[in-house]
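**Student:** My questions will all concern the structure given below.
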Amino acid sequence: MSEARELICRPPRGRALQYLGALGVAGTVAAVVRGLSGTLDLWVCGGLLSAVVGAVSLHTAALRLVADEYGVHTRTLLRRRSVPWRDIADLQVCLRYASSSYGPQFRIGLVPREGRARLLPLPRGWAPDHSDFDERVGVLRALHRRHGSPDSDHVPVVSARAAGRGRAGSLGLCALLLAGAGVAAWFVPAAEAGEQAWKAAAPCRVTAPQERRDDCLTHEPAVVSRTVAARTKRQSWLYLADGRPLERVAVSREAAQRFVPGDRVELTFWHGEVREVVGERHVWREHVPAAGELAVIAAVLALGAGYPGARVLLGVRGRRLPRDEVLPSALPFAVALAGTGLWLLPLCRLHPTTLLTSPAAVTWAAAGSAGTLALFAWAWRRTRVLPPGEVAADGGTADGGTDVFLAARFLEYTDYNPYGFGTHVVLGDGPPSVVPHPGPGRFAARRIPAERFALTGLRRVRGGDGDTVSGSWHVAEFDDGGRPVRLAAEPGDLARIVGALGTAGASTGGAQAADTSEAQAAGASGARLPESPAPRAAHGPTG
């Protein structure tokens, strides 16, 4: 298939999509006719719905992709585009909706030599079975190598964590949260002034003029005629007898349940609004957001903006990385933001408007800022991009030759890692082995055939390595008797494992060479080798 002269991709179930498109056109016509005649009923709604379905179906049915010796030609419902091979720098696989319950969607991205990368409309693949998609990617890569000059020698896989993924979404979310924090902070002084005015308000004098009664408290008697306690999020009400001094008062659901018809209550008015309803059974007070609450909301929004901001920062920091390499996780910055919230939120609650005037608040903020700087320095160090091969092994095995368990994963299914069950590699008292637990003991251990391993390269994690591999890990590529395998671990642990595999492979290879020489010498002298005992039945994986 890779020797094909061209590749033609059409959407699956094209005939069904055409029928849906025709149905959408018919529904649109019917909706327009009934709408112009002045009849608005369910047929119009159905016609509009079929119009939307038809538009989507027609757009999908019109998709085409043709790749030949001249380049890549795409067609959509409204546009045609052709790109020659000489203008294509590379082809990459993009993983979209990686967090969806349906699995990731695979798309092909076209990287031009000038301009931004864009997604091709076809082909598309979905996990877990995307063999047809992989086959078409292979054909496109073969055509590109034959008629162009790709920049990479492998298929770059750009996941949501990769350096080549756009950060516009994180940047927009950060800006939106910061704008919300600014709006909340803008209302803090007004809320503080209103709160102080409410606390200082006194009952109105009898001789006070009407225009000055808004700043004082007015008390009016009333009788509850009936109550409405909403069961959902709808508003609950107290209805007053004879509509005096007003027809109804909006209260909480609990207050509507506590008051009963016939209760005599006293309403407290301030600035023309009911602020309190006092009765023998219950007292209701309207909740007005205090300045401290608004300051806490502003601080929470600002801290929330820090996480997408950290993702943008990591993207800028790794802009020189290959586009398929995975960036370090932003979780260390999330820890720093959480630590900042531990001192910032109580400070905002207690000192919303006196952060710079209160000595206690200034001391509190200075001590907290020092801790925040330390946390962010730690997060910055934890998210460094370490070049592969420059990290030394983190010490040797434990004293007395005891086993040491290191978190590591083989990314291929092999005889020593069936179905990817291994989560750790154990070194020390015994050969290097794969185990599905962090120890202690070598239960369910599978020995790694180090004598077959030949190290072919060290690199950082790529998008094609899967989402189970941390972005801070490194990957060692081995040749396992002609089969490529990948081992992922922390840089220091990986160097330690690679060194142990090299030592074990050399010792095993030397022992095998000595056994071979002994056998050849015995055969030349006519001596008979002792027969090996019959193999025992295996009852499970052994070390």
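Glycine is no exception: its Cβ is also placed from the backbone N, Cα and C atoms.
What TrEMBL records for this protein is below:
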- 505-525: compositional bias 'Low complexity' (COMPBIAS)
- 63-92: domain 'Low molecular weight protein antigen 6 PH' (DOMAIN)
- 505-543: region 'Disordered' (REGION)
- 16-36: transmembrane segment (TRANSMEM)
- 48-67: transmembrane segment (TRANSMEM)
- 168-188: transmembrane segment (TRANSMEM)
- 294-314: transmembrane segment (TRANSMEM)
- 326-345: transmembrane segment (TRANSMEM)
- 361-380: transmembrane segment (TRANSMEM)
**Student:** Summarise the domain 'Low molecular weight protein antigen 6 PH' (63-92) as counts of helix, strand and coil residues per DSSP.
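**Tutor:** Per-class counts: 3 helix, 20 strand, 7 coil.
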**Student:** Which bits of the chain, at least 6 residues beyond where the transmembrane segment (326-345) starts or stops, bring a Cβ under 8 A of a Cβ in it?
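**Tutor:** 159, 161-163, 296, 299-300, 303, 306-307, 310-311, 313-315, 318, 364, 367-368, 371-372, 375-376, 378-379, 382-385, 460-463, 465, 469-472.
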**Student:** Quickly jot the same-chain residues contacting the transmembrane segment (294-314) by Cβ under 8 Å, restricted to those at least six beyond its ends, or write none.
**Tutor:** 167, 169-171, 173-175, 177-178, 180-182, 184-185, 187-188, 191, 327-328, 330, 333-334, 337, 340-341, 344-345, 348-349, 352, 379, 383
**Student:** Looking only at the domain 'Low molecular weight protein antigen 6 PH' (63-92), what is the mean pLDDT?
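**Tutor:** PLDDT averaged over the stretch: 92.
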